[in-house]
Amino acid sequence: MQIIQKIYAWLVHLFTSLGAIFGILAIILSIEAAKATVTNQIDLHHYYIKLSMFSIIMAIFIDSIDGSLARLVDIKKLAPLDGALLDNIIDFTTYSIVPCIWIYVSDIVSQEWLIPVVVMITISSSYQFCQTNAKTDDHFFVGFPSYWNVMAMYMLCFQSPQWINETVIIVLSIFSFVQIKYIYLSRTEHISKSKFIKTFTFIFTMLASISTFLAVLMYPIKTPTPFILIILIFSIFYILFSLKLNIKPVKNQSL
């Protein structure tokens, strides 16, 4: 049984490492998209960007479940690697570096703001990933949790105006340094004592995730309004619920 658990533990680390593979694939595909732009092959550019986004979706999927798989055994004892460091290295690439490349090879922002927003994302993400209290003991992120890959996907798929994209990036970069707790969507056991609220949050998260997947699937066609509304309403829900938990934590609630 001990041998089986050790094999399982190392397989979990290997599974986590797949995120790095999808991260480098996303970078390679983005480079190919840039090459296609140079040769004025716009359809090919969109094709490679779409594949790059799907690579990151796979990385996000792995990141969302590898922790749960690791917690099934005493992984630190059975497979003595620094899993948290491995996860952070991969996440910094897939959540921060890749979206910077998307921004650089596309027209998400204007030329004047291209380098400034890339610098903002890089610096704010570096701070966020190196905070000693980046994640609290009750499983919340402190500061905007560097969801830059998802934000860049929305900007690409929604075809939102450049000034809106620039404003969003500036605001979120600032909030990376503000000590506000945000819900960790794959660890929601402390968001409420109510099973209904937890279930509702899970279902709403899945609905927004499916809408995001479909938005990428339809790219470069602009995301239909119903999907945009679902994602925007979920984003507002996420922010407001997170703020509510900052003001009134669960331990002070009587649900």
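Glycine is treated like the rest: Cβ placed from N, Cα and C.
Residues or ranges marked as transmembrane segment by TrEMBL: 7-31 (among others).
Annotation source TrEMBL lists transmembrane segment at 51-73 (among others). Within its own chain, the transmembrane segment (51-73) has Cβ neighbours under 8 Å at 5, 8-9, 12, 15-16, 18-19, 22-23, 25-27, 29-30, 33, 83, 87, 90-91, 94, 98, 102, 149-150, 153, 156, 185-187, 212-213, 216, 219, counting only residues six or more beyond its boundaries.
Taken from TrEMBL, the feature transmembrane segment covers 141-161 (among others).
Taken from TrEMBL, the feature transmembrane segment applies to 167-184 (among others). Long-range contacts of the transmembrane segment (167-184) within its own chain (CB-CB distance under 8 A, at least 6 residues past either end) are made by residues 109, 117, 120-121, 123-125, 127-128, 135-136, 139-146, 148, 151, 155, 191, 201, 238, 241-243, 245-246.
For 196-221 (among others), the entry in TrEMBL reads transmembrane segment.
The transmembrane segment annotation in TrEMBL covers 227-247 (among others).
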Tertiary contacts of the transmembrane segment (141-161), as residues 6+ beyond its ends and Cβ separation under 8 Å: 49, 53, 56, 60, 91, 94-96, 98-100, 102-103, 106, 108, 121, 124-125, 127-129, 131, 133-135, 168-169, 172-173, 175-184, 212, 215-216, 218-219, 222-223, 228, 231
